[in-house]
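The next block holds one structure in the form of structure tokens; read it before the comments.
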Amino acid sequence: MARAVGIDLGTTNSCVSVLEGGEPTVIANAEGSRTTPSIVAFARNGEVLVGEVAKRQAVTNPDRTIRSVKREVGTNWSVDIDDKKYTPQEISARTLMKLKRDAESYLGEQITDAVITVPAYFNDGQRQATKEAGEIAGFNVLRIVNEPTAAALAYGLDKGSKEQTVLVFDLGGGTFDVSLLELAEGVIEVKSTSGDNLLGGDDWDQRIIDHLVKTFNGEHGIDLSQDKMAMQRLKEAAEKAKIELSAAATSNINLPYITAGAAGPLHLDVTLTRAEFQRMTQDLLDRCKGPFEQAVKDAGIKVADVEHVILVGGSTRMPAVTELVKDLTGRDPNKGVNPDEVVAVGAALQAGVLKGEVKDVLLLDVTPLSLGIETKGGIFTKLIERNTTIPTKRSEVFTTADDNQPSVLIQVFQGEREIAAYNKKLGTFELTGLPPAPRGMPQIEVTFDIDANGIVNVHAKDLGTGKEQKMTVTAGSSLPKEDIERMRRDAEEHAEEDKRRREEAETRNLAEALQWQTEKFLAESGDKLPTESRDQINEALGELRSALGGQDIEKIKSAHAQLAQVSQQAGSQLYTQQGEQAGATGAQAGGAQAGGPDDVVDAEIVDEDKK
């Protein structure tokens with residue numbers, strides 16, 4: 001049976017895990033790290049760079065490096081690179097393809113099935129877009145799972161049959177949510193979830209960047225925010241400073257040659273204390289309180305009844321965040337899980353559940369936001385309340401607002417506001433062909449169906465005529481199937497192109513190495529070779545130098561093979577020649593030792609013990 005992987009597709013970093021012998025294993029990437037930066041860059045030569053290599057070149061290539069794209073998922077955002085528009089789905093797919101390649105390299109087999117996680121507070125459009133990113137990357141997305149739910153699954157699977165209440169506080173690079181779950185006898189039931197999709201570690205970084213820009217402007221009168229390369233350096237420095245301040249009381253941010261003024265190059269040197277950092281980010285910390293209180297209220301659980309608190313996301317390592325969670329819950333967070341990896345581990349376990357590898361586990365998730373339609377007066381009429389366990393199906397009968405109304409326009413929204421326009425519009429469809437009738441007479445049944453991925457289907461039916469209309473809510477950002485297929489093919493072509501580039505680089509490296517070794521061999525031993533062999537090597541060496549000066553890889557391969565052959569022959573000749581010389585020298589030495597009778601000494605061996 002083909003393996004399935006679990007993927008935490010994060011704002012800042014991503015992680016992939018797989019079940020091995022029933023136990024989840026986090027897969028290290030090609031660079032040896034257990035997490036991969038969610039950064040994609042388009043090099044000038046057309047190569048697509050992902051992860052650590054993309055991060056390393058960001059300073060010199062700021063316009064073509066995309067990070068934190070998860071914040072744009074489910075929107076109409078796009079980026080232009082070389083006159084081509086890339087959607088958030090396509091950029092996310094590049095990161096997923098990198099994780100897929102690394103997993104396949106580790107496992108030694110093709111991987112197609114995956115469970116991908118999303119923030120619990122993602123709406124329908126964002127979930128659809130994440131699923132599409134997986135499809136573009138070549139995955140069959142088995143399930144979209146909420147990150148806190150995956151974390152609870154990873155944490156709670158081995159906790160036995162005792163019923164317990166768990167609070168998951170998930171503060172990642174770009175999103176934040178809080179979930180309350182009940183765990184008992186293999187059943188993991190989400191009671192409530194709340195969050196903020198625009199709050200995360202990136203915002204803490206931005207405060208440091210703003211502080212550095214303001215400080216530098218005050219000292220030198222130069223606004224670094226207008227310099228893209230400088231801003232990339234500030235971004236990296238801010239992230240490092242934030243991490244340092246989790247362990248140290250101060251952090252020195254030193255960036256030489258950050259820009260140039262009238263008098264010459266200028267350097268940035270700022271010391272930031274933890275107290276100062278916490279003061280400038282206090283309002284961000286305060287924004288975590290609202291979703292926490294909402295989740296507790298919706299679950300109908302007292303804070304005192306929460307038995308375990310799990311921290312998820314790298315941003316929870318900040319001391320101020322840990323202290324906030326301790327203050328809100330009255331207990332120390334659990335230290336037994338890795339906040340960077342626990343979500344991917346849970347996703348791998350859920351993949352195991354779906355594949356039948358993990359038994360006796362039932363995951364009951366919820367929809368994070370209420371779903372409904374717009375009715376007369378612009379009112380938002382809810383059909384499915386937030387925190388309803390999914391999958392679920394609800395129906396309600398509506399009627400017309402005007403006499404002889406020939407059709408009904410059904411506008412689907414997701415959110416909590418009473419006025420429909422203030423909520424997130426998911427889609428619109430029309431039920432036509434209604435027979436003339438006074439208002440209030442037609443009976444139109446509207447049914448909402450949410451699947452286990454949290455993706456919505458809506459169905460409207462005129463009970464009088466039997467006419468019906470269906471739609472899968474695709475939101476404004478979702479892509480038509482043909483676009484997904486086209487993007488998947490593009491991604492595959494890029495993968496082939498990247499593979500070809502790697503092979504070309506390896507061929508060139510091997511050829512250059514052989515060239516150097518041969519030149520060294522000639523310098524050290526060329527005078528010992530027969531003239532014919534030396535001429536053959538020089539001729540082959542010249543052909544390889546010429547080939548390396550061009551771009552024809554086949555020519556380089558051919559010249560490399562030819563030089564390898566003649567070099568090997570020459571090496572064999574030299575070895576044989578040296579062996580013959582050594583034999584001759586040995587024979588001469590042996591003859592010298594085997595002298596005449598004058599060289600013979602008569603002697604007795606005396607055994608001292610027998611004396």
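Note that Cβ sites are derived from N, Cα and C of the backbone, with glycine treated the same way.
Note that the structure is a prediction, hence the values are computed from the model and not measured.
Counted within 10 Å of its Cβ, the other Cβ atoms near T175 (phosphothreonine) come to 27, all protein chains included. Under DSSP, T175 (phosphothreonine) is assigned to coil, being neither helix nor strand in the three-state scheme. Positions annotated as phosphothreonine by Swiss-Prot, on the basis of sequence analysis: T175.
Among the features that Swiss-Prot reports, region 'Disordered' is placed at 467-508 (among others).
According to Swiss-Prot, the feature compositional bias 'Basic and acidic residues' maps to 480-508.
The annotation region 'Disordered' is assigned in Swiss-Prot to 567-611 (among others).
As annotated by Swiss-Prot, compositional bias 'Polar residues' applies to 567-576. For the compositional bias 'Polar residues' (567-576), the DSSP-based tally of helix, strand and coil residues reads 10 helix, 0 strand, 0 coil.
The feature compositional bias 'Low complexity' is assigned by Swiss-Prot to 577-587.
Feature annotation from Swiss-Prot assigns compositional bias 'Acidic residues' to 599-611.
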Long-range neighbours of the compositional bias 'Polar residues' (567-576), counting only residues six or more past its ends (CB under 8 A): 514, 517-518, 521, 525, 528-530, 533-534, 536-537, 540
